[in-house]
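**Q** Have a look at this one.
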Amino acid sequence: MAATESASAGTNDHLITSSDPEHPANHICTLCRSFYNLGWVGGTGGGTSIKRGPHIFIAPSGVQKELMQPHNIFVLEHANRSYLRKPLELKPSACTPLFLAAFDRGAGCCIHTHSQWAVLVTLLVEQEAHAKGEDPMGKCFEIEKIEQIKGIPKGRGKSGMLGFFDKLVVPIIENTAHEEDLTQSLEEAMEKYPDTYAVLVRRHGVYVWGDNVQKAKTQAESMDYLFRLAVEMKRLGLPWVA
């Protein structure tokens, strides 16, 4: 269901006003600056969203991530998808329906980056499929026996983290001309791979989510480490899986 605008969407500044650095409106700004410095987001690309109670806080479209301020943040009511706060001078993030797909499955935070390493691994998987005469659609990024895999949980509803001898599998979906048109493919990947905490978008980037902000951030960092390592391994002719 698409997000709608409530009568008071242009006000409700109390929802984003707090001196607490971990308040979602403040935390999103901090995270976006960090991701900008990591090179994960550039221009106005990428985005971050946090769920707290019944409310979903979302970074806007069209704002440079390193300059974002709490008053730029949109707030949605999760249950009915209506905007409680909608800055009138800004556009809602095109990532919103994809963030909602993660929140509908229990996530507390969803991060979307345009990391070059995420993009490159999708191209390498595509290249390998073509070399084997296979269709790259539906292929996954897979890697095993790397220590950083321990930074990824075993799956939704499962306790503990993946181990050194486990294989990390991240589904890849095809890019579309408009971000919101990725929603169905993302949801299908989530259903097909219920244990995944990330979905790669070919030639675009990655969506990573977690039970809360700290876990989502840790998982995004672990994933990006693995993507970068995988690119270097491929350069050296080293296999990702045995």
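Each Cβ is built from the backbone N, Cα and C atoms, and glycine gets one as well.
Automatic, uncurated: that is what TrEMBL annotation is.
Remember, it's a predicted structure, so these values are computed and weren't measured experimentally.
Pasting the relevant annotations from TrEMBL:
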- 26-231: domain 'Class II aldolase/adducin N-terminal' (DOMAIN)
- C95: substrate binding site (BINDING)
- H112, H114, H204: Zn(2+) binding site (BINDING)
- E147: active site, proton donor/acceptor (ACT_SITE)
**Q** Could you state the whole-number distance in Å separating the C-alpha atoms of E147 (active site, proton donor/acceptor) and H114 (Zn(2+) binding site)?
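**A** Checking the Cα atoms of E147 (active site, proton donor/acceptor) and H114 (Zn(2+) binding site) gives a distance of 24 Å.
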**Q** If you draw a 10 Å sphere on the Cβ of H204 (Zn(2+) binding site), how many other Cβ atoms land inside?
**A** 20
**Q** Once near-sequence residues are set aside, which residues in the chain of the residue listed as 'substrate binding site', 6 or more away, have Cβ atoms under 8 Å from its Cβ?
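**A** Within the chain, the residue listed as 'substrate binding site' has Cβ neighbours under 8 Å at G47, S49, I58, H112, E179, Y207.
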**Q** Name, in the order they occur in the sequence, the residues of the same chain whose CB lies under 8 A from the CB of H114 (Zn(2+) binding site) and which sit 6 or more residues away.
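**A** The answer is W40, V41, G42, G45, G46, H204, G205.
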**Q** Specify the count of other C-beta atoms within 10 Å of the C-beta of the residue listed as 'active site, proton donor/acceptor'.
**A** 10
**Q** From the centroid of the CB atoms of H112, H114, H204, the recorded Zn(2+) site, which same-chain residues not already listed sit within 8 A by their CB, in sequence order?
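**A** Not counting the recorded site residues, we get G45, G46, T113, S115, A118, V119, V201, G205, V206, Y207.
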**Q** Mean pLDDT for the domain 'Class II aldolase/adducin N-terminal' (26-231), rounded to an integer?
**A** 97
